[in-house]
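**Q** First, the structure itself, so that you have it in front of you.
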C-alpha cells in the first residue's frame, strides 16, 4: 500500500507544477540557531550531566545518590554481587597476580625505576579503578609501551642512573599530569582526543615500540653494563655491538633465553588448548621462582649473573611531597604527561572496548578517562608511575573468567601481600629473567594480520601505520606519533582543501542524479552543466579552488563542443550547482559564489543553486547574494532545476 | 516538451518497481581509480604544463615560442603595443614614481634600512615583474606591511643599528628565500597556500599592522632618538612615553604634522573630485620637496630637525656575494623568508585580483607567484629587499589610466634617474616628513566596513579577524598570523571531527527527503529512522562519534516512544543511513560501520545504507561489510529504501 500511495502522491505533484516548492519550502525554513545558541546547547548536552536534568522531580538525596552511582559504578553492581561471582573473580585475580608480579618488576626496569615501583603501580591504581571504572575485564597496572615512553622522554630531563631520586620525582610529576589530563578529558567529554590516534597509527606505533622494547631487553639478556639511553634502533644496535666487544657474561644469556623458550612454549600450549589458559599465565611466575631458586642455590651471582638485588619491602609510600610543581622544566614535564596520558588512554580504551564488545556491553569512553585519570592522580601520590589497561593481562583476566573488577582488587591485594613477603626472595632473581618476560609479551604488540588488513583496505591508512612504525623505530616515540597524527590530519585537511567537484547526470527514467564517473550510464542534459561540491564547508581554504574548478569545467565542456563542431545552440546556458553536501559557507565562500555568478553572467551563463542547506541558505540571504542570483534560480533539488530549465527551453523553442 | 517527456519517464519507472535499480546500477559501477592512478593524473594535470600536450603537432620552435610566451606575457602583448597606450602608461608611470619615491624612502626606514635601499627595491623588481607578470595594474615595490614584518623578524637575529652591514646581508638572504619560495609555489601550483590566510585574517592582520606601523612612526614624528625594537603596542607606547620625558624637538612634530594634514587634505580632494586623482598622488612628493627646501633654506637641521643625511648616489649595486647561505641561522632566515613570501603574495594577489576583476580579466595566481618570485630573487642579487604589489600605488596607477605594466617600467626608470640625480637633494629631507607619508598611507590598510560586513556574515570569521588584529597588536606579527590561521583551520577540523548527523523526513507528496530542522514540515515515517552523515570522510577522527550519535538517536527515539506509551509496533525497526555526502571511508570508518551494524542487529534493528558513493561502496565491498549488511540493504536513494521498507511492512501486515 505504501508504494501505491507514494506513486499517487508524486503523480499529483507533477500534475501541478505551478505550485512552486521553492517558494513553499525553501523560503519558509526557520532561522538556524546562532553560534551562541549552539554553543550553549552543546555545553548543556555534553559538558553538564544530562541525567541530572531528567531527574528533576526526585529528591535531592536521591539525586546525590544517582550522581554518586554514575561516578562510582561499584555502587551499582556492588549490591548485586554474589558469592558465586567472587569465586570466579578470586581465581581470575590470583592468576592475574601471578602474571602481574613479574611483569611489573620488568616494566619498572624498562621505565628506569627500581622493581618495587612497578609493584606499587599494581596496587593503588587498580584499587581506585575498581571503584570508578566501568570495564569488567580491564587489568590495570604498568604496561610496556607507557614504561618505554616515560623513560625515553624523562631521560632527556634527568638521567636515572646519576640521580634516581630526582628522576623519580619527575616521574611522579609526569604521572600526576597524565592523570590530571585524563580526568580533564573525561570531565569535559573530550573523548575524541583519543580518536586522533587512529587504529592504523596505533598498530604501527605498537609494533615499532615492541621492537624498540625488545632491543632494549638485549641489555638484560646479555647482562651488559654500558648501554645507550636512546630508543632508536640505530643507537641501540650500535650500543649492543659495541658492548659485545667487551667481555660479557654468557650465563645471563643462557638463563634468559632458556626461560624465554619455556614461556613461549607455555603460550603455545595455552593457544592450542584453550582450557589450559593458566599455563601461559603462570609461566612467568614459575620462571621467576625457578630462576631465583637456581641462582640462590648455585650462587650464580658470583659467576657474573646479574641479579635484582635489594627491593625495599613494605607498601606504597606517600609521594605527595615529591611532586615537582616548582620545577623550571614544568612545561616539558606537562608535555610528557600529556603524551603519556593520550597513549595510556588509547591503549586502555582500545583494549577495554574490544573485550566489552565480546561480552556485549558498551564502554563510556569519558567515564573510563575519569577512572584512569583519578587512578593515576592517586598513583602519583603513592609512589606509582603511569598505569593503564594492559592488553596481555586483560586477556588473561578474561580467559580466567573474571566477572567484575573485583579480580583487580584481588590482584592488588595479592601484590600488596607479596610486597611485604616476597621482596626478600626476589633479591636473587636474575635480571635476565625479567628481560625474557618482557620479550615474551612483545609478540602480542605486533599485529601483522591487522597491518595486512589495513593495507588491503586503505593505502593511506597503511602509510600512516608505516610512518608511525618507522618513526618510532628510527627516530623517537614522539616523532613516530607526530608523523602518524600529522599524515592522518593532512588527509582530512586535503579533503577540505581540494574537494571533489563532480559532474552529475540523470539516471535514465528516474529523478536520480549521479556522479557520471560512478554511473557511466548517467545522461548529461545538453546546455546544462550540473556540478556537485563535495565539501562540508565552502570556505577560505577551498573557495578559490572550487570557483576555478567550476569555471574550468565550463571551459572544458565548451572546448569539447568546439572540437566536435556542435552547433552553438547546445553551448552551456545554465550551470546547476548541487550544494546538498555543503553544510556551511564563510565570507570567502560567499565572495567566491558572487564572483562565480558574475563571471558566468558575463558569459551569458546562468548560475543555479540546487538544494542549499539550512545555514548556507541563511548566509546567502544575509549576504544579499540571493538577490543577485535571484530567487527563482534557487531550487530544492537538482531534478527540479533541470526540469525547470528544460521547460523554459521548450517554451522558448516553441516561441521561435 | 521536456517536462512532458520527464513525466512520462518517471511514470514508466514507477510502473515497474520489480526492476531493482540497486542491482542494475549500484553494483555495476566501475572500480574507482587507485590512489596511485589519481596521483599520476593530478601530477599530469596540475604540475606538468597542460598546454604543451595540446600542441603536440606544432613544430619544436613554435612550442618553445609558445612556452616563452606563457612565461613572459610581455611577448604576447608587446607586439600589439601602440604609441597611444604608451602615452597613458607614461603619464601613469610618472605619477606612480612621484608617489613611489617618498614612499620607498619611508618604507626603507621602516624596514631598518638606509633610504637608497627602498629606491633600489623600486627599480629591479618592477622591471623583472613587467616581463613576467600578467597583471596590468599592479605597482611593484616596497610596501609597509612587509617592511614592518621584515624588520621585526630580522631584528631578532641582528640589530640594524649596531651592525647595519650584517643586518643588510640577512635581509638580502631573506629576500632570496622569499623569492625562491614564491617561485616554487608558482612552479608547483601551490597557489592554495595563499588561500590559507583567509580574507578575514588579512583584514585583521592589516589593521593591526597599520596601527603598529603608525605607532612606530611616532619616533620620526617626534624626532625621538631612543626607541624600542619591539612591535607590540605596549612596548611602543611605553617607549614613546618614556622618550617624551627626555627633551625632544617640537620642530620635527610641527613639520611632520603640518605636511600630514596637507597630504590628508589632498587625499580628501582627490576622493571628492575623481578627476583630480593626481593631487593626492603628487602630494607626498610635493611635501618632500617643500619640506626639504624649507629645511635647506632655514638651516633647520641645526635647530634639532632630524634629516635623512647622506644617501649613496648611483644605481643598484650587486649583492650576490652578500647572501648568507653559510649562516648558522639559515633555518631561521628561511622561515622569515617563508612568512614574508606568503604575506607578500597574499597582498599582491588580493590587490591584483580586485583590480583585474574591475577591468574584467582573470589573474593566474600561479603565474603571479612565479613573476613575484623571480622579481624578488633578482632583487636579492641587486641590493633590494622583499617587493610586492602595493595597494595604494596600484590604486593610483589604475586611476592614472595605466594600460599595461609599461607604467611600472616608466616608474622604475624614473626612480633610477632620481637615484643618480636626486640623492644629493634628499640630504636635507626631514625624517618627520617620511613618517607623515607613511602615516598618510595607513588608513587605507584599515578596512572597517569590511570588518563590519564580516561581523554580519560570519561570527567565526570575525573571531579570526579579531585574533589576527589583537595578536599583531599585543604580541607580534607571527603570533597574530599563527592565531588567525590556527582558528581558521580549527574550524575546518571541527566540521570533520564533529559532523552533523541529521534526521531526515519526507516532504509531503514528493520524493524529497530533508533535514527535519530545516524543513519542520517534513514527515518522519514511523518505525524508520533516516539519518544523514554530513562529512566527506568517515574516518578515525569522527567514526566513533558518528557511531555513538547514531546509537544515541536510536535510543532517544525509543525513549520518546516509551514516554508517549505508543504501542511497540512502532518501535524503530530500520535505520537508514544516507551516505550521499560521504566521499571516503578509512579502516576506522569501516570498523565503526561494522560495530554499528552489530549493535543494531542485536536490538533487532536493520541497518540500511542509502546512496553510498563510489569509493565508499568499493571500500565496503573490499571489507566484506557488504556481505554482513547484505546487498539488499544497500539502496541508491533514501526514497527507494523507505519505499522498500514500507512495502515489506505492508506485506507482512497483510499476512497477519
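The backbone N, Cα and C atoms fix where each Cβ goes, glycine too.
Given the structure is predicted, the values throughout are model-derived calculations rather than measurements.
Quick paste of what TrEMBL says about this protein:
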DOMAIN    B:538-645  domain 'STAS'
REGION    B:1-23  region 'Disordered'
TRANSMEM  B:90-108  transmembrane segment
TRANSMEM  B:170-190  transmembrane segment
TRANSMEM  B:196-215  transmembrane segment
TRANSMEM  B:251-269  transmembrane segment
TRANSMEM  B:276-297  transmembrane segment
TRANSMEM  B:333-351  transmembrane segment
TRANSMEM  B:371-392  transmembrane segment
TRANSMEM  B:398-418  transmembrane segment
TRANSMEM  B:462-490  transmembrane segment
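Locate each feature and note its surroundings.
**A** Residues belonging to the domain 'STAS' (B:538-645) score a mean pLDDT of 82 in the model.
With a cut-off of 8 Å between Cβ atoms, the residues of this chain six or more beyond the transmembrane segment (B:90-108) that come close are 114-119, 121-122, 139, 141-144, 147, 278, 281-282, 284-285, 287-288, 308, 385, 390, 392-393, 396-397, 400-403, 406-411, 413-415, 418, 422, 426, 429, 433-435, 437-438, 441.
Same-chain residues lying 6+ beyond the ends of the transmembrane segment (B:333-351) with a Cβ under 8 Å from its Cβ atoms: 138, 140, 143, 145-146, 149-150, 153-154, 157, 170, 173-182, 185, 193-194, 196-197, 199, 202, 324, 327, 363, 365, 368-369, 372-373, 376, 386-391, 394, 477-478, 481.
For the transmembrane segment (B:371-392), the list of distant contacts is 99, 103, 108, 111, 113, 117, 120-126, 128-129, 132-135, 138-143, 146-147, 150, 168, 171-176, 178-186, 316-320, 323, 340-341, 344-345, 347-349, 351-352, 441, 444-445: same-chain residues at least six beyond its ends, Cβ to Cβ under 8 Å.
For the transmembrane segment (B:462-490), the residues of the chain that approach it from at least six positions outside its boundaries are 148-149, 152-153, 196-198, 200-205, 207-209, 211-212, 230-234, 339, 343, 451, 454-455, judged by C-beta separation under 8 angstroms.
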**Q** Thinking of Cβ pairs under 8 Å, which stretch from B:196-215, B:276-297, B:398-418 has the most of them with the transmembrane segment (B:251-269)?
**A** B:276-297
**Q** Residues of the same chain, at least six outside the transmembrane segment (B:196-215), with any C-beta under 8 angstroms of its C-beta?
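**A** Here the qualifying positions are 110, 144-145, 148-149, 231-233, 236-237, 240, 342-343, 346-347, 350, 438-439, 442-443, 445-447, 450-451, 454, 458, 461-462, 464-473, 477, 480-481, 484-485, 488-489.
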**Q** Other than its close neighbours in sequence, what residues sit by the transmembrane segment (B:276-297), given a CB gap under 8 Å and a spacing of at least six beyond its ends?
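**A** Sequence-remote neighbours of the transmembrane segment (B:276-297) are 95-96, 98-99, 101-103, 255, 259, 262-263, 266-267, 269-270, 305, 307, 396, 399-400, 425-426, 428-430, 432-433, 436-437, 440.
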**Q** For the transmembrane segment (B:398-418), find every same-chain residue at least 6 residues outside the stretch whose CB is under 8 Å from a CB in it, and list them.
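**A** Result: 74, 77, 81, 85-86, 88-97, 100-101, 104, 119, 122-124, 126-127, 129-130, 133, 135-140, 274, 277-278, 281, 315, 355, 358.
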**Q** When the domain 'STAS' (B:538-645) is classified with DSSP, how many of its residues are helical, how many are strand and how many are coil?
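**A** Its residues fall into 66 helix, 15 strand, 27 coil.
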